[in-house]
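Input: a single structure, listed below in structure tokens.
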Amino acid sequence: MILFWVPRLSVLGLCAQCSASTVVSRRSIYKVCPLCDADGEDGLTTQEASRRLEEYGRNELGDAGGVNPGKILIRQIANAMTLVLILAMAVSFGIRSWIEGGVIAAVIIINISVGFFQEFQAEKTMDSLRSLSSPTANVVRDKQNVSISTSEIVPGDLVELKVGDTIPADTRLVETVNFETDEALLTGESLPVRKNAGDVFAPDTGPGDRLNVAYSSSTVTKGRATGIVFATGMSTEIGTIAAALRKKEGKVRPVKRKEDGTAHPHRYLEAAALTVYDAVGAFLGVNIGTPLQQKLSRLAVLLFFVAVICTIIVLAANYFLSRQEVIIYAVATGLSMIPASLVVVLTITMAAGTKRMVERNVIVRNLRSIEALGGVTDICSDKTGTLTQGKMVAKKAWIPATGTYTIGDIEEPFNPTKGEISHCSKEPREMSEEGQGERTSYAELVQRSDDLKEYLRVASLANLAHVRETETGSWTARGDPTEIAIQVFATRFRWNRRDSTAGEQPAWKLLQEFPFDSDVKKMSVLYKDQHSGKVFAFTKGAVERVITSCTSYMGEGNGELQSMTDEYRERILENMEGFARLGLRVLALAGKEFNEDYEDGVEIDRNTIEAKLTFRGLIGLYDPPRTESAASVKECHEAGIEVHMLTGDHPGTARAIASQVGILPKNTHELSKDVADSMVMTAAQFDKLTDDQIDDLPVLPLVIARCAPSTKVRMIEALHRRKRFAAMTGDGVNDSPSLKRADIGIAMGQAGSDVAKDASDIILSDDNFASILAAVEEGRRTFDNIKKFVLHLLAQNIAQALILLIGLIIKDGEGISVFPIAPVEILWIIMITSGLPDMGLGFEKAAPDVMERPPQNLKAGVFTVEVLCDMVVYGFWVAALCLAAFVIVLYGFGDGVIGFRCNESIGDGCETVFRARATCFATLTWFSLFLAWEVIDMRRSFFNMQPGSKRYLTQWLIDIWHNQFLFWAVMTGFGTIFPILYIPGLSNIVFKHTGISWEWAIVFIGSFLFFAGVETYKYGKRAWLRRRAAKTESAVGSQSDEMKPFARYLTDSSLKKDAEKA
């Protein structure tokens, strides 16, 4: 465990029994850093942090459970498939059929062992993924702001905290700005607690009253702060109650009581029955796990009852005789219906899927999302940092009194000394895209314009970013990308915030800060000019919101304030449109002298600060689209997925970026007017509509600008009403409702808040839209592979059951049915011959057309109409060929005379039966292995699985070699059949067959017919699908390549309306 870390405790002569928070809360800010051997400006070095991590351990609350081997072992035993095997084993031993019973016991042990090992590995994988998706913390390491896992926080770390963050460890605050935290988990206090870094408290102050300390696991609800970590792990205050937090909920259903606390007797019976139902359901897996796991567990229970029915049919066909042969036949028929390796293979496949997603920058927080990703029909994405690079650069600025400023091309976005500046007296609305103005110097511009100085003062002070030059001459930046870009712009004119607010006698003192709020879309600060004693308010934010708060602006040339009019507001908006047409994100800057009374510690109404402002100008920021965004959006369209961009930017900027990446068509004139108008809306327009009006839109908006968190929720609800399956991205605290409401919530790993991550299903570690597409592709691939091995397993079960049930008509001299396949043969095929290839199918790569198909139908799950048809067709075809092989050997080339007790031994005239059974077994084994290769692609020919390949004769060899696990699993199946057939004792006593010779010709002919039948069936499927696709294409008509993704909008009712109007 990690003890609290106060290295100079004995030197200070403090009480050894004092808690860490007691020690630091009684010390002033200036004594905290020396006490914790920390640097309050540049943080720790990576080397020092690593040393402390090794010395003091990880910042974790002990073992929170982790992987429980006992529970995994119980799950392997407690499922319907294993229970059938146990029942069959008990019956076999009960009738003294020692060989069959022993083999079944061995199969049970192998199945449980393999299942335990694989699920244990899968649980460890998910456990490691949960650690990857654990909350992160922003710390300063090596003078840089970096995001690390909270488990890597060490004592002495300098952490930066903002709204939505989870406090990573107990922290002594050194700077607070309107900082409040929710400490309900620790203190039970329902209201947020206001913190103040400058306070000092007596040693006997309780934890909840130490207002200069932020406690681990509490959540930041307002403001921002920086602090020094002084306690980690179990030494934190929350560590003392960690054990209580881990208490499990009771598994007993509560009794429904009346208002007076009493309950009717039947309520106790009801609660007991429901508790038993829950226990049995959990035991069998039908009400725990992912939806697919539950569905397959219910399938297992269904197959259990089918197996019982089949067993009764066998007994009935043999007049319910209690002879050993009859009972063994019944056991064999029951076993034939049980896909014993299904649960194991499913676990392996999904675990492999999570690993592959991590490699593609996607962290899965629950297995349910792997299944759901394959069914995504709509992706609602943010713009900044997801579709774009998130590397903001201030390219243009406009000041009403002076004109437009343009920054030239730069390669170092954080370096204010790089990049030339041009000035033009024209307004942005009057300039062409190429127009920049006359080149000049930064110093000259500042010297000749007081209006520029006022503009720069707002730009630098209404800003939280840190931009500074290091000792080596390089420039570093910390903070939000937007604010960094604005701070770099101000620093070009030697107007850096740090120069004004740092030092022993700063020129400006921050009094209050009102952080950016996604509802008001503004950020404001209150500063005091230390020289004049005056107080000023500075605001930046969305142009439409800021100008409504402005009552004046600086006119051109006269140096006097002018009253803001509606006409001038329209003029500002026109200039904003001029910037937006260039794809720039536009913000407005404003300020005023604050003449109200101000008192330290008294909170001021935000509306008072953000009223009667003076408009100072606009700034245009460029965030270029990621190079892979356009290709990813195009691939989404090809996959039948609509992409919606929900952004806080101006409609012009949003439209420009959406057109660049392909979310919007460039040729909107080819669309009907109502469709084109619906494609781009502002949040104000969208939120103004009722639900019925939204449902009447010909198409839901592809771009919503000035988007608020509530707009995202309404968008998700609108998609759900249209029966769409939506994924939503988010990074802020206010995004958590939409992330939870979405079918798949996607949080940003780098820019996302801890609250957003906790509400999400998956996390993008690189904040890249292309990673969403990668997640969808992996989800579809995993879903496809699950369908493949489920089809492979159940088709064999159908074939085996049909062989045994139809084989009931074949009877020996005593009128007892002779099974075409022995019980041990069935177990061998289910567990070995089929089990290993099924695992290989789980590792199969994505099909070439996996992203060219429409999304999966999650309501049908893996049991689509196509899978069910394939299952029946393949099952019947395999059964027909295997029975034909058995009958040909027995009656075609044999004399058809069946001896006695041919289900037990080869004596008494049963040699022909044993040879026929061996032929049937060999045929079924080969068909099982060949079928594993055939279902790699459920539609394309096994001999031509790669479209466009020129290797007409050898392509299938390359395809089967590509998945080497599957290849060697099939080869193992081919190889093991020979010792089973030809080793004396093993062959005739255990497997109840004997070696064959000329019968191999029947096996080869049957294999040829197997391929011919399967390939013919696939060809018929492809022909039907081509006809259906042709009808769809003819209905849509021919469109340009650019408009093809939007062709579905051309068939909307809107076109008919336009035609009627015309």
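Any Cβ shown, glycine's included, is placed from N, Cα and C.
Bear in mind that the values here come from a model prediction, so they are computed numbers and not experimental data.
These features come from TrEMBL:
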- 1-20: signal peptide (SIGNAL)
- 23-97: domain 'Cation-transporting P-type ATPase N-terminal' (DOMAIN)
- 77-95: transmembrane segment (TRANSMEM)
- 101-120: transmembrane segment (TRANSMEM)
- 299-321: transmembrane segment (TRANSMEM)
- 327-352: transmembrane segment (TRANSMEM)
- 789-810: transmembrane segment (TRANSMEM)
- 816-836: transmembrane segment (TRANSMEM)
- 872-894: transmembrane segment (TRANSMEM)
- 914-936: transmembrane segment (TRANSMEM)
- 965-984: transmembrane segment (TRANSMEM)
- 996-1017: transmembrane segment (TRANSMEM)
In contact by Cβ distance (the transmembrane segment (872-894), the transmembrane segment (299-321); 3 or more pairs under 8 Å): no
What else in the chain is close to the transmembrane segment (816-836), if you only count residues 6 or more beyond its ends and a Cβ gap under 8 Å? 88, 92, 99-100, 103-104, 107, 110-111, 314, 317-318, 321, 323, 325-326, 328-329, 331-332, 335-336, 338-341, 344-345, 792-793, 796, 800, 803-804, 807-810, 882-883, 886, 898, 901-903, 913, 916-917, 920-921, 924-925, 928-929, 932, 969, 972-973, 976, 980, 990-993
Long-range Cβ neighbours of the transmembrane segment (996-1017) (under 8 Å; 6 or more residues past either end): 873-874, 877-878, 881-882, 884-885, 888-889, 915, 918-919, 922-923, 926-927, 930-931, 934, 941-943, 981
Of the stretches 101-120, 789-810, 914-936, 965-984, which racks up the most C-beta pairs under 8 Å with the transmembrane segment (872-894)? 789-810
Can you tell me which of 101-120, 327-352, 965-984 gets the most C-beta pairs within less than 8 Å of the transmembrane segment (914-936)? 965-984
Which sequence positions outside the transmembrane segment (965-984), separated from its termini by at least 6 residues, show Cβ-Cβ distances below 8 Å to it? 828, 832-833, 836-837, 839-841, 843-844, 918, 921-922, 925-926, 928-929, 932-933, 936, 991, 993-996
Chain residues outside the transmembrane segment (327-352) and at least six past its termini with a C-beta under 8 angstroms from it: 79, 81-82, 84-85, 88, 91-92, 95, 97, 100, 104, 107, 111, 114-115, 118-119, 121-122, 125-126, 285, 290, 292-293, 296-297, 300, 303-304, 306-308, 310-311, 313-315, 318, 367, 370, 782, 785-786, 789-790, 793-794, 796-797, 800-801, 803-805, 817, 819, 821-823, 826-827, 830-831, 834-835, 838-839, 841-843, 903
I'd like to know the mean pLDDT over the domain 'Cation-transporting P-type ATPase N-terminal' (23-97). 74
